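> Features from Swiss-Prot:
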BINDING   G16, K17, T18, S19, S59, N118, K119, D121, A149, K150  GTP 1 binding site
BINDING   T18, P35, D57  Mg(2+) 1 binding site
BINDING   D197, D199, D201, E208  Ca(2+) 1 binding site
BINDING   D317, D319, D321, E328  Ca(2+) 2 binding site
BINDING   G426, G428, K429, S430, A431, K525, D527, C556  GTP 2 binding site
CROSSLNK  K96  ubiquitin cross-link
CROSSLNK  K119  ubiquitin cross-link
CROSSLNK  K164  ubiquitin cross-link
DOMAIN    184-219  domain 'EF-hand 1'
TOPO_DOM  1-592  topological domain 'Cytoplasmic'
TRANSMEM  593-615  transmembrane segment
Amino acid sequence: MRRDVRILLLGEAQVGKTSLILSLVGEEFPEEVPPRAEEITIPADVTPEKVPTHIVDYSEAEQTDEELREEIHKANVVCVVYDVSEEATIEKIRTKWIPLVNGGTTQGPRVPIILVGNKSDLRSGSSMEAVLPIMSQFPEIETCVECSAKNLRNISELFYYAQKAVLHPTAPLYDPEAKQLRPACAQALTRIFRLSDQDLDQALSDEELNAFQKSCFGHPLAPQALEDVKTVVCRNVAGGVREDRLTLDGFLFLNTLFIQRGRHETTWTILRRFGYSDALELTADYLSPLIHVPPGCSTELNHLGYQFVQRVFEKHDQDRDGALSPVELQSLFSVFPAAPWGPELPRTVRTEAGRLPLHGYLCQWTLVTYLDVRSCLGHLGYLGYPTLCEQDQAHAITVTREKRLDQEKGQTQRSVLLCKVVGARGVGKSAFLQAFLGRGLGHQDTREQPPGYAIDTVQVNGQEKYLILCEVGTDGLLATSLDATCDVACLMFDGSDPKSFAHCASVYKHHYMDGQTPCLFVSSKADLPEGVAVSGPSPAEFCRKHRLPAPVPFSCAGPAEPSTTIFTQLATMAAFPHLVHAELHPSSFWLRGLLGVVGAAVAAVLSFSLYRVLVKSQ
């Protein structure tokens, strides 16, 4: 909604434009009227809509055509004033003033217009019969108000309707010629209906209607008011009420009725409560509230976020089998402009016979939050988190402390850990990721797939952690400055092909050797005969030289579910990186031996000194 309103008064000379402004401000009819009133600003606290309002007068005698065009360009709404006792001023509305305001607008939004029939004190009847054909011809005309500056009749109402035309415009909502909601409005209201339909029975119960009413307007409907609403719908819409519940058709009809009766602010209140702008698009503030993620920090869903997305899951799991079928998932995504999760989903999380279980669903949310928190905020926005939870979705996100602090303290508080699986093409990275999801080669899709992610939970010292595996090619890391940052690096080589180890060794030296990221070399295809290195150190010798854990053999051959031991090891290394270095540093063994020798020597010296003291005392 706009933060201020600029109203421009136009019309023929002597129709009373200036008198209307002065009567509003002075609350009495002015005895002397200047050719043009100065621009006035009405403070927000004295206007019904609580928005500051600027009122601008126009005088054809004092202002040029260029100044007029500039004022029209700046105006949010134009009041075309005519004299109800002068037919000629009414005709000028059609032939002069409306073409001046919107004549150059062939496409896009037009400036809303309020017709103002002044000097009603000089005419006994109404001018509406003459004005109605003009209102029918020009859809940008919001309404017509007859008033009298002399008698102060309808002066406040005039400027209220002008404000309303800006803050609650009819044009984006309703097509007066077709007498129906515009498609964008119907689409937005349909999404709101689906979010409010908590049991997904395609209708709003009294409880759901009251929750909706309270969310939008601050108070529930009285029982009789609820019955009256349903009665009106029943009389006008076939199928608008089903089993005493309001259907989507009934909901859309009610909003159409509000607009037709001039209460379009009601529909706008609903739309804005659910995040819509004047253009009937979800606002940036609604979809992406401010959240600061400093360098070295990561983002995770907190308990509020997990509770919300789990409620959404349970809402759409209509058969209560603990998993979302493709149809149920499509229902969940119906409030999005497009499905947010693509065909890569089955390769990213655990699924069950084409269905998405709660565990895999929560894993996917965790992955999106970690990799792209802006997308996560947007997804929560489309699901109505800010409205349904009455707080912006940044409250559902935890920003972790800097990784540097984790390294200093020797442990991490993070629940989500990132492992980059690095290796040359063909070493089995994709198979490794799928093995993490419990799929052996017998259950995997052998078609070529782009590098991706896999996420699952792993137990680390009795705590559940989310481990993300990210597939990275060695060529990319060696040829570019691609970000190699992660919590643990899994350097994978083909144990049957000695050449593939050289790629991993180069990546280690280039990116990880001088850093604090724990690394684990993995020898894939362990079911095949081990290759013999032609020259250079063997993988085991390389790891000993660089104080790294010994290479771990791995194979996912066969239909059985692969072992999870290696994934637990990776997660533990990521959670406690200092333990890796402490246990493997050769100096620690040397130091232990040295301390043993020194300890024995100190004990001998102390014993000898004690002996001398005892001898002297005798």
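In case you wondered, yes, glycine gets a Cβ from its N, Cα and C as well.
In the displayed structure, how are the listed features positioned relative to their neighbours?
Of all Cβ atoms in the shown protein chains, 21 besides its own fall within 10 Å of the Cβ of T18 (GTP 1 binding site). In this structure, T18 (GTP 1 binding site) is part of a helix by DSSP.
With a 10 A radius on its CB, D197 (Ca(2+) 1 binding site) counts 21 other CB atoms from all the protein chains. DSSP assigns D197 (Ca(2+) 1 binding site) to coil in the three-state reduction, placing it in neither a helix nor a strand.
On its own chain, D319 (Ca(2+) 2 binding site) has S325, E328 as residues at least 6 apart in sequence with a Cβ closer than 8 Å to its own Cβ.
In three-state terms derived from DSSP, G426 (GTP 2 binding site) belongs to neither a helical nor a strand segment and is classed as coil. Using a 10 Å radius centred on the Cβ of G426 (GTP 2 binding site) and all shown protein chains, the other Cβ atoms total 12.
Contacts of K96 (ubiquitin cross-link) defined by a Cβ separation under 8 A and a same-chain sequence distance of 6+ are given as none.
Taking a C-beta cut-off of under 8 angstroms and a sequence separation of 6 or more, K119 (GTP 1 binding site) has the following same-chain neighbours: V15, G16, D83, V84, S85, S148, A149, K150.
Of all Cβ atoms in the protein chains displayed, 23 besides its own lie within 10 Å of the Cβ of K164 (ubiquitin cross-link).
Counting residues 6+ beyond its ends, the domain 'EF-hand 1' (184-219) has Cβ neighbours under 8 Å at 172-174, 226, 229, 242-248, 251-252, 255, 267, 269-271, 273-274, 276, 280, 315-316, 318, 331, 334-335, 383-384, 387-388, 390 in the same chain.
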> Give me the Cα-Cα distance between K429 (GTP 2 binding site) and D321 (Ca(2+) 2 binding site), rounded to a whole Å.
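Their Cα atoms are separated by 33 Å.
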> Whose Cβ lies within 8 Å of the mean position of the Cβ atoms of D197, D199, D201, E208, the Ca(2+) 1 site, other than those residues?
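Those within range, site residues removed, are S196, Q198, L200, Q202, A203, L204, S205, R245.
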> How long is the line from the C-alpha of C556 (GTP 2 binding site) to the C-alpha of D321 (Ca(2+) 2 binding site), rounded to the nearest angstrom?
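Just about 30 Å between their Cα atoms.
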> I need the nearest neighbour of D201 (Ca(2+) 1 binding site) among the binding-site residues D317, G426, D527, using C-alpha distances.
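Going through D317, G426, D527 one by one, the Cα closest to that of D201 (Ca(2+) 1 binding site) is D317.
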> I need the least crowded one of these binding-site residues (A149, A431, C556), counting other C-beta atoms within 10 angstroms of each C-beta.
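Minimum Cβ neighbour count within 10 Å, taken over the binding-site residues A149, A431, C556, occurs at A431.
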> Determine the Cβ neighbour count for D199 (Ca(2+) 1 binding site): the number of other Cβ atoms within 10 Å of its Cβ.
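I count 13 other Cβ atoms within 10 Å of it.
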